[in-house]
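Listed features, source TrEMBL:
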DOMAIN    1-396  domain 'Major facilitator superfamily (MFS) profile'
TRANSMEM  23-43  transmembrane segment
TRANSMEM  50-70  transmembrane segment
TRANSMEM  76-99  transmembrane segment
TRANSMEM  111-129  transmembrane segment
TRANSMEM  141-161  transmembrane segment
TRANSMEM  198-220  transmembrane segment
TRANSMEM  246-267  transmembrane segment
TRANSMEM  279-298  transmembrane segment
TRANSMEM  304-326  transmembrane segment
TRANSMEM  338-361  transmembrane segment
TRANSMEM  373-391  transmembrane segment
Amino acid sequence: MVCLSQFFSQIPRYTWSPETQGWLLGAFFFGYLFTQIPGGYLSGRFGGRLFLGGGVLGTALLTLLTPIAAQFGAKWLFALRALEGFGEGVTFPAMMAMWARWAPPLERSRLMTFSGAGSSFGAFVAFPLTGFICHSLGWPAVFYSCGAAGSLWALFWFMLVSDEPRTHPRISEREKDYIINSVGSQGMPHGWSVPIHSMLFSVPLWAIIIPQMCSNWAYYTLLTSLPTYMDTVLHFDLRQNSFLSALPYLAGWLFSVGSGVLADNLLEKKMLSITTVRKIFTFIGLFLPAVFLLAVGFSGCSGALAVTFLTLSSALGGFSAAGVFINQIDIAPRYAGMLLGITNTFGTIPGVLAPIVVGYLTKDHSVSGWRHVFWLSAGVSAFGAIFYVIFGTGRIQSWARTDEESDTDS
């Protein structure tokens, strides 16, 4: 530990303005925008294993270079973070494409929410852990640790994962047959040609895009700016800040996983249709969190109230994981990877804009500025909930059916 302390004894500090910090926080999403659709398309055509694993590995290696880029200046750091986003953009579409081949219809909600909730669980672990590392060894050690962890994960990923059940060497024949028969022809790769015109003019697809953009506005606002809020308004120290910033993500993770189990149970027992389940869970996951975000704006400098309302907002937001956020695989399983690429491309726009808007709204570090941040997020989230309830559906679309399914229907 002495050697490590000596190695990290000269920790650089950078006095970048809130506006510059906002641009740097949003830089990741500039790159993230451009590989979503290509990643989804290629994963649906060739399988998601290479793209998901390669995306995480590339981002991990670039993360190791973050302290060096910061030394060269904000422009270099901006470029590096944009490249990280470029590599990471393929991961979620690739994951969706893999679930289209691996997840039986009546198990989709729990499987997909459990894997998708990893982002919330990761934030829950990362906030206190990185706070401890930063306090003990300095902020560069955070990036070295995260980069090394991501590289190690990628090694296990490529060793253990296959694109589809047919090619997996370790699952039983019984399980393999069950998955293949349950998923059916929708689990096969799509061809080079995709019905892009029908997709772009599909109301159910836009019913996913708009609410995801609205939900992501609140999510990315909290993800990138919550530690700053707890530091400048609530005046928590670094270790308090790290732990309390993590609480909303623990709550979001728990409710995300629980929502998937509950949604599948409702579908298995045929108590509700897929459309009704997705609408209920989306409304709970977008509208009710908006109420608590409004309450955060009225909490002033009360740390206990603010953390309580933020935790409740994130907890209830977990319900949307079994709603609009997996709806792509309902309306077009075969093209689910590409659809998620499309919806995530639009959904990433708030990731670019939200940190910048927060930077401008809070440049005077006032409580009123942060109040406007939370009120804006609440209004956007509530609009997304209402939009999905009106236009959303869980029915597979005609343009997504295979020839085999079309013949069966006729």
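The backbone N, Cα and C atoms fix where each Cβ goes, glycine too.
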Cβ contacts the transmembrane segment (198-220)/the transmembrane segment (279-298), at least three under 8 Å, sequence gap 6 or more: yes
The transmembrane segment (246-267) versus listed stretches 141-161, 304-326, 338-361: most Cβ pairs under 8 Å: 304-326
Same-chain residues at least 6 beyond the ends of the transmembrane segment (50-70) whose Cβ lies under 8 Å from its Cβ atoms: 12, 14, 35, 39, 42-43, 76-77, 79-81, 83-84, 87-91, 93-95, 98, 139-140, 143-144, 146-151, 153-154, 157-158, 161
Stretch-averaged pLDDT - the domain 'Major facilitator superfamily (MFS) profile' (1-396): 85
Segment-segment contact (the transmembrane segment (76-99); the transmembrane segment (279-298)) at 3 or more Cβ pairs under 8 Å: no
Other parts of the chain folded back onto the transmembrane segment (23-43), taken as Cβ under 8 Å at six or more residues beyond its ends: 16, 51-52, 55, 74, 77-79, 81-94, 96-98, 194, 220, 224-225, 337-342, 344-345, 348-349, 351-356, 359
